[in-house]
Amino acid sequence: MKLAIIAGDGIGPEVTAEAVKVLDAVVPGVQKTSYDLGARRFHATGEVLPDSVVAELRNHDAILLGAIGDPSVPSGVLERGLLLRLRFELDHHINLRPARLYPGVASPLSGNPGIDFVVVREGTEGPYTGNGGAIRVGTPNEVATEVSVNTAFGVRRVVADAFERARRRRKHLTLVHKTNVLTLAGGLWLRTVDEVGECYPDVEVAYQHVDAATIHMITDPGRFDVIVTDNLFGDIITDLAAAVCGGIGLAASGNIDATRANPSMFEPVHGSAPDIAGQGIADPTAAIMSVALLLSHLGEHDAAARVDRAVEAHLATRGSERLATSDVGERIAAAL
């Protein structure tokens, strides 16, 4: 296995170090190459993501990312120039966000309900393609547009992936959209789910408007198994899903090229938290959970399950104890 590591900014290097510690414990001998990308490189060289680095990243099996973002860099420079560029250059058309409430983790929902679903979010289309513009900026007559792009090809490959995941799980898929208002894009998503669903007669299909889905994610999250949705709606509901499962500090994600032509990238959802960087108190659990996703994607299912069980044991027994970053990594690695 050849792994590229982008530790990034803030707490990124700290949590990534613990994730790598767990990876080495469960799968020894991984070839690792670290890339200095983020605020430090930007300030030193003016570069965000050189073409040469993109070419090198393509030669790896996967990418492990820590966190990107620093208040010393103008807003959007790293987010668009690094994170979004990687997504489009490496065709990460699926953003995978598991949502599971682990034993021992407090949910803001009463009764700690059973929550275990996954959101399959389209990652390269929708309103995030940069298709739009503005005229008469700064005047009372300013007009700004953001065009949401949805292609039959792009929608179908994400829907097909979601059905495959539903078949391997509890055989239930929910399409989340807003078809009563976004009739053109929504119609494409609905037709595609119907067409692809014919190949999966064992998977039950449901539809919910995005506003209804947010309500049910709070009042009845157990109804969801696999959710498939577009880029914008997915961006919103995945953070809500993280909130009901204990917060983004316990949320992992995968940015996936399902064709495997390019390396997929795995990362914790949380930000770079520069206010606590260097103090050794950042929780690396989400970064370690990202390792489990990475291993599963690469077919190392037994190793992925071992990491997940070790994380579950850690969360179930940690109580209110505040552990140092390195202690969390050691504890989870020891439980493998």
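Using N, Cα and C of the backbone, Cβ positions are placed for all residues, glycine too.
Within 10 Å of the C-beta atom of ASP211 (substrate binding site) sit 10 other C-beta atoms, taking all shown protein chains into account. Taken from Swiss-Prot, the feature substrate binding site covers ARG87, ARG97, ARG121, ASP211, and the record attributes it to sequence analysis.
The Mg(2+) binding site annotation in Swiss-Prot covers ASP211, ASP235, ASP239 and is backed by sequence analysis.
Listed in sequence order, the residues of the same chain lying 6 or more apart from ALA277 (NAD(+) binding site) and placing their CB within less than 8 Å of its CB are ASP9, GLY10, ILE11, GLU14. Among the features that Swiss-Prot reports, NAD(+) binding site is placed at GLY271, SER272, ALA273, PRO274, ASP275, ILE276, ALA277, GLY278, GLN279, GLY280, ILE281, ALA282, ASP283.
In the three-state DSSP assignment, the secondary structure recorded for TYR128 (site 'Important for catalysis') is helix. Counting only same-chain residues six or more apart in sequence, the Cβ atoms lying under 8 angstroms from the Cβ of TYR128 (site 'Important for catalysis') belong to LEU84, ASN231, LEU232. Feature annotation from Swiss-Prot assigns site 'Important for catalysis' to TYR128 (among others).
Annotated site 'Important for catalysis' per Swiss-Prot: LYS178 (among others), in sequence order, evidence recorded as sequence analysis. Other Cβ atoms within 10 Å of the Cβ of LYS178 (site 'Important for catalysis') number 20 in total over all chains.
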Could you tell me which of these binding-site residues, ASP235, ASP275, has the fewest other Cβ atoms within 10 Å of its Cβ? ASP275
Measuring Cα to Cα, how many Å separate ASP275 (NAD(+) binding site) from ASP239 (Mg(2+) binding site)? 21
Minimal Cβ count within 10 Å, across the binding-site residues ALA273, ILE281, points to ILE281
Under 8 Å Cβ-Cβ from GLY271 (NAD(+) binding site), six or more apart in the same chain: what's there? GLY10, ALA67, GLY69
Max pairwise CA distance, angstrom, over record-listed NAD(+) binders GLY271, SER272, ALA273, PRO274, ASP275, ILE276, ALA277, GLY278, GLN279, GLY280, ILE281, ALA282, ASP283: 16
Find the shortest Cα-Cα separation between ASP235 (Mg(2+) binding site) and the recorded positions ARG121, LYS178, ILE281, and name the residue that gives it. ARG121
Cβ proximity for ASP239 (Mg(2+) binding site), under 8 A, sequence spacing 6+, ordered by residue number, returns ILE248, VAL269
